[in-house]
Amino acid sequence: MAVSFSCGRRFAISAKPSRNLSALASQASLAITNQSEQSRISSRPSKRGSSKSSSGSQSGSRLAKNSIDILHISEILSRKDWYLLLNHEFRAKRVNLNPRLIVSVLQNQEDPLLPVRFYTWVSNININFSKNQSIRSVLANVLYRKGPVLLSAGLVQDIQDSGHRVNEDLLCVLIGSWGRLGLAKYSAEILEQVSFLGLNPTTRLYNAVIDASVKSNSLDLAYLKFQQMRADGCVPDRFTYNILIHGVCKAGLMEEAIRLVKQMEEGSRYSPNVFTYTSLVDGFCNAGRVKDAFQMIETMKGRNVIPNEATLRALVGGFFRHSPPLDAFEMLYGWLEKEPVLPKVACDAILNCLCDNSLPTVAGEFLRESLTRGYLPDNQTFNSVVICLIKGLEIEVICQKLEFFNGWGLKMGFDAYLLLVGTLYQKGRVEEGNLYVDQMFQEGLVSNTFSYNMLIHCFCKNKMMDRASKTFQDMIDGGTNIQPNLVTFNTLIDGHCKLGDITRARKLLEMLLEKGLKPDAFTFTSIIDGLCRAHRIEDAFGCFTEMEEWGVSPSATTYNVLIRALCARGEVRRSVELLKKMEEGVGVRGDVFSYNALIQGLCRVNEIEEGKRVLKTMSRLGLRPDNYTYSAFIKALCRLGRFDEAKALFGSMEVNGCVPDAHTCNSFIDMLVQSSRLEEAKQIFVNFSKRGIPLEPIKITTT
């Protein structure tokens, strides 16, 4: 396979060796041949360094030992005599049990019965494994994702045949999975029959069933089990009350939650702990009772119960969810002013909520004040603030704030730097942007292929192709092991093609092939787009044809580029045929852009009725017309003097789920004014200006 650029007029990719190649194509072909030969030679067994290779192989075997054990154990678990075989392997010391291996085995089973078998076996090998919270948590998640695993007679018999029984640990995990799956009633029925398993009802089992009921949103059942506990000789403990309090708080029954807290303190003599108060804080916030939520925080202080991260996140998140953002901030800010030491988790949460609500000025000022009181955000929070500032403030203000934050030792991450650099370039402040790029390199943030690709994309997006090419060259010649990949080449090729520089794109394509990479649909589409921009439509179709020879299927975007180019040349019939081939011939479904390009082309040549037929096809396929679609029809109708139809179509937009945007309104108003339909233009201007759509003032020219 080679690249063909015949006489400088063809820009396509050839898979046929018989074609005449230019010197450039021959070089690319030779590079691939050499690479294939090197690959063939390197694949031969090497006599030199064999001991080193052997050592590496042994090291790899040691690293792969656990995965071999997992596969072997999985095969054993699927057999009827699984228990005997596992015991045999364990006695032969071929299975090295540890929590990591156990977790891996549990996670890698498709049949949810097999993790239950394995948990039963390891529990009897070492009781500590059955109590290990990470193992229990993984088992619970597996049973939830792949379950339900019901306590059938077959399962009970299978465990009993192994010489053991369903114990309380396993039953609690099963009940927990049933609760998450909405099987609260089933878990309650099993509790009533535990005697058949050789177990007695315990507070722990009741807690598991009550928790399952709460998770299944079955509060009535949870209360029923709560009331039955004492009849079975089981006394509610702090866990019991906390589960119920959490359930009623989630349901918004805050008075009942307070009653349960009093009952817990006075009747059972259990004092509320941080989990209790966190549930109450979250419940009051969700109920819109923010003062009561603050009161809970004060009560915690009075009882020497320290709020944990969950408590503070519940408080902050609840305020922002159920109050206007600025009101929530004012209340939380007033609370923090009274705190001798700023709680880091609360400040982190407040900053994140301010950023989520696009309040850059408030976020920046709050961070500035908090720094003076000893608060330091983590990297993720600080970068969220910086990104919020960049998106919402003037660039001068952003730079001032960043200089202040830098004085406190706060460093931006890669994403924040890149957004700032892109913003500076867009504002024409190239030198400042370059300084920040230099800082990125100095701080080691551009250190792998992904980060280089993102930086190169930033340059390409801002049409700085010389800088993009230099960065690419530095990437290759930098003396590091960082290598460009297909994304790197695609980004550069697309950037050059968008500017119509086919020659440089061609050189990159040659280099891509020399690296042993294969062009994909994005590569071809970029080249086709570049050729269309250079008005070389036939070359673009030649490249399009050769995609198939490379085994690359054109995407909808590829077709859209060609359809748009044909319509721009007035070759509407040819674009219709291409769309038909796209959908019927190769099975690529057109999107809104495909049909918009065709409709705009038809309307441009005043083929409105044909455009309407395309619009019906578009609607039949479930594609909703957008402002570009309607704007094309409105312009064409106005051009033909069919203003009443244009006005009716404009009025139908919202009914069909498309609100006219500023561009559609402005262009329609201009056409009405040009046709001396001033009152109609004013009416549209007034109506849509009231709705906050930024419209240009109506310009009336006098002759």
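Glycine is no exception: its Cβ is also placed from the backbone N, Cα and C atoms.
Per TrEMBL, the feature region 'Disordered' maps to 33-62.
The compositional bias 'Low complexity' annotation in TrEMBL covers 51-62.
Distant neighbours of the repeat 'PPR' (202-236): 168, 171-172, 175-176, 178-180, 182-185, 187-188, 191, 194, 243-244, 246-248, 250-251, 268; these residues of the same chain sit at least 6 beyond its ends, with a Cβ under 8 Å from one of its Cβ atoms. Per TrEMBL, repeat 'PPR' is recorded for 202-236 (among others).
DSSP labels the residues of the repeat 'PPR' (237-271) in these numbers: 26 helix, 0 strand, 9 coil. Look at TrEMBL and you will find 237-271 (among others) tagged as repeat 'PPR'.
Among residues of the same chain six or more beyond the repeat 'PPR' (273-307), those with a C-beta under 8 A of the stretch's C-beta atoms are 238, 241-242, 245-246, 248-250, 252, 254, 257-258, 261, 264, 314-315, 317-319, 321-323, 331, 335, 343. What TrEMBL records for 273-307 (among others) is repeat 'PPR'.
Under the heading repeat 'PPR', TrEMBL lists 448-482 (among others). Residues of the same chain lying 6 or more positions beyond the ends of the repeat 'PPR' (448-482) and with a Cβ under 8 Å from any Cβ of it are 414, 418, 421-422, 425-426, 430, 437, 440, 488, 491-492, 494-496, 498-499, 501, 504.
Annotation source TrEMBL lists repeat 'PPR' at 485-519 (among others). The helix, strand and coil residue counts that DSSP assigns across the repeat 'PPR' (485-519) are 26 helix, 0 strand, 9 coil.
Under the heading repeat 'PPR', TrEMBL lists 520-554 (among others). Remark: secondary structure over the repeat 'PPR' (520-554) totals 26 helix, 0 strand, 9 coil, with classes taken from DSSP.
Per TrEMBL, repeat 'PPR' is recorded for 555-585 (among others). With a threshold of 8 Å between CB atoms, the same-chain residues lying at least 6 positions outside the repeat 'PPR' (555-585) that come near it are 521, 524-525, 528-529, 532, 537, 540-541, 544, 547, 591, 593-595, 597-598, 600-602, 604-605, 607.
Per-residue pLDDT, averaged across the repeat 'PPR' (591-625), gives 87. The repeat 'PPR' annotation in TrEMBL covers 591-625 (among others).
Same-chain residues lying 6+ beyond the ends of the repeat 'PPR' (626-660) with a Cβ under 8 Å from its Cβ atoms: 592, 595-596, 599-600, 603-604, 606, 608, 611-612, 615, 618, 667-668, 671-672, 675, 677, 680, 684, 688, 693. What TrEMBL records for 626-660 (among others) is repeat 'PPR'.
Look at TrEMBL and you will find 661-695 (among others) tagged as repeat 'PPR'. Distant neighbours of the repeat 'PPR' (661-695): 627, 630-631, 634-635, 638, 641, 643, 646-647, 650, 653; these residues of the same chain sit at least 6 beyond its ends, with a Cβ under 8 Å from one of its Cβ atoms.
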